[in-house]
């Protein structure tokens, strides 16, 4: 039995409160709902998910360091750290696998301070404003990229 590739899904501060925190902006889906959906999507595509959330910048950086060589790709919703964390950016730069930045809301239609991202420069794609579906879109995209890379490597 072969080991299935893993997609890491990293979630930043306050996302543990999804479903109750500002539902007019973020909806009523919980982070557990999003995790379940990501796992189902990944499983359908032959991938596993390593799903994490932390309110602490250092814990997210530690997760990147831990997974940077083993994950087939990263879905990153750094939440507020998107706009503030040079340290998280620097950790993500060390990742060879593709990264997709995800936001539940359209951050570009919100406050000015949300318009800048330290994650976007290291991401293959940015998905914003699709609600929880954005996570599934990101998982699908990363799976497609991983399979495309696998095909290219096997044809050499």
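Here the Cβ of each residue, glycine as well, is placed from N, Cα and C on the backbone.
TrEMBL entries are annotated by machine, without manual review.
Residues or ranges marked as site 'Transition state stabilizer' in TrEMBL: 21. The Cβ of residue 21 (site 'Transition state stabilizer') has 11 neighbouring Cβ atoms from other residues within 10 Å, across all protein chains displayed.
A helical conformation is recorded for residue 26 (active site, proton acceptor) in the three-state DSSP classification. Feature annotation from TrEMBL assigns active site, proton acceptor to 26.
According to DSSP, residue 105 (substrate binding site) sits in a coil region rather than a helix or strand. The substrate binding site feature in TrEMBL is assigned to 77, 83, 90, 104, 105, 114.
Listed in sequence order, 77, 82, 126, 127, 128, 129, 134 are the same-chain residues at least 6 apart in sequence whose CB falls under 8 Å from the CB of residue 103 (active site, proton donor). For 103, the entry in TrEMBL reads active site, proton donor.
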Expressed to the nearest Å, what is the distance separating residue 21 (site 'Transition state stabilizer') and residue 104 (substrate binding site) at their Cα atoms? 13
Most Cβ neighbours within 10 Å, among the binding-site residues 77, 105, goes to 77
Within 10 Å of the Cβ of residue 104 (substrate binding site), how many other Cβ atoms can you find? Include all protein chains, please. 23
I need the nearest neighbour of residue 26 (active site, proton acceptor) among the binding-site residues 83, 90, 105, 114, using C-alpha distances. 105
Taking the residues 77, 83, 90, 104, 105, 114, which the record names as binding substrate, find the longest CA to CA distance and state it in Å to the nearest whole number. 24
